[in-house]
Amino acid sequence: MSAITEIYAREVLDSRGNPTVEAEVYTQDGGFGRGIVPSGASTGEHEAVELRDGDKDRYMGKGVTKAVANVNDIIAKEIVGYEVTDQVAIDKAMIALDGTPNKGKLGANAILAVSIAVARAAADELQVPLYNYIGGFNAHVLPTPMMNVINGGAHSDNKVDFQEFMIMPVGAPTVKEAIRMGSETFHHLQKLLAADGKVTSVGDEGGFAPDFANNEEPLEYLIKAIEAAGYKPGKDIAIAVDVASSELWDNDSKKYKLRWSTGEEFTTEEFIKYLEGLVAKYPIISIEDPIDENNWDDWVTITSELGKKVQLVGDDFFVTNTEYLRKGIKMGAANSILIKVNQIGTLTETMEAIEMAKEAGYTAIVSHRSGETEDTTIADLVVATNAGQIKTGSMSRTDRLAKYNQLMRIEDQLTDLVAKYKGINSFYNLSEQARQDIINK
């Protein structure tokens, strides 16, 4: 193998037109890799630090020239000379160079851009696909997609409290067919909304964000769209929601408030019953962040009450951090973790979180951010780790479709003999009976 000879970073733009960090890595024998970092809109308070300039006269304070300079002036000097395939050592060297628990000195956006670029340069030098380089010959599971077709909460300007309403083609035989089913349902949803005079412009993640009367109306539209596309709700396409409850939690009153819709308030016990009612009524298979990120005991409560029926995903709760995940596993909080590479800041730490989850029987869902780029690393990562589920937006916007297109390419490369799409069985954190209940709902 050959050594890294050059690392260079620049400021580019994400899908929202905000600056982000792009890094390039070059090797002695001609290997080349590029990594671009995404950015979130609703972020967990314990996430690794995304370093921004804060200069209000430039990009309204969102510039990343400091992070870029940290790559070019500090990280490059440390990492040039490393063997490009020594990913773990390189990631650990950058973590040590930063020296803070949250990567606040150099910026997780600076470190992650280099981490991704290094992996891509190594794959390029070895002339193998990225998923193959990261996961070896065992990489073969194509993920069940979570397609965010209706946006609410912090991701929109409407009167819907839940942040995301998603469809999951759990009955598809392949990822290609899953994407087709999702696309058809998306277009039927658009027709249904338009016929009712609702706005069909799309939000950050490619989903629709019209006004609805309450949080159940989007679910009713999803059922209608699934049926209009010729599929059976539950059996063919299940529903997932991201409550993003930290946005609803009021720490003073200790209640959840439907702040975007009715203004109704719930105690934790009442809010759990509210969610339980939705699960009983609709073919919901997954709920993300149903409880505020700092209320650990309440997470244990909802897991004991709902965790055998549906997937309970920790996003802001775990922030892709093995320390928080380890605590959650020990306490019995949640049964799934959302994996966002920029929440933790290196590929090595990301993969450690995925493996820890799988060993504990938790599912790991590899996820995009609301501010995305053309970088398709997460599509390769989800296959490399056989994680089984991916969350990467709706059926519109090139930054989202780039990941779906990459998954279809990977499925072709693996061929039908090797590639495996598990659909409903990707929910190995739920019992066979629970999965059947979703299918039969």
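Glycine is treated like the rest: Cβ placed from N, Cα and C.
It should be emphasised that the depicted structure is a prediction, and the values quoted were computed from it without experimental measurement.
Under the heading active site, proton donor, Swiss-Prot lists GLU205, citing sequence analysis as support.
Under the DSSP three-state reduction, LYS340 (active site, proton acceptor) is assigned to coil, being neither helix nor strand. When other Cβ atoms within 10 Å of the Cβ of LYS340 (active site, proton acceptor) are tallied across all protein chains shown, the result is 26. Taken from Swiss-Prot, the feature active site, proton acceptor applies to LYS340.
All protein chains shown were included, and the count of other CB atoms within 10 Å of the CB of GLN163 ((2R)-2-phosphoglycerate binding site) stands at 28. The (2R)-2-phosphoglycerate binding site annotation in Swiss-Prot covers GLN163, LYS340, ARG369, SER370, LYS391 and rests on sequence analysis.
If you look up Swiss-Prot, you'll see ASP242, GLU288, ASP315 marked as Mg(2+) binding site. Around GLU288 (Mg(2+) binding site), the C-beta neighbours below 8 angstroms that are at least 6 residues distant in the chain are GLU164, ALA240, VAL241, ASP242, VAL243, ALA244, VAL313, ASP315, LEU338.
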Three-state secondary structure, GLU288 (Mg(2+) binding site) (per DSSP): strand
Hey, what's the Cβ neighbour count for SER370 ((2R)-2-phosphoglycerate binding site) at 10 Å? 23
If I take the Cα of GLU205 (active site, proton donor) as reference, which of the recorded positions GLN163, LYS340, SER370 has the closest Cα? SER370
Measure from the CA atom of LYS340 (active site, proton acceptor) to the CA atom of SER370 ((2R)-2-phosphoglycerate binding site) and give the result in Å, rounded to a whole number. 11
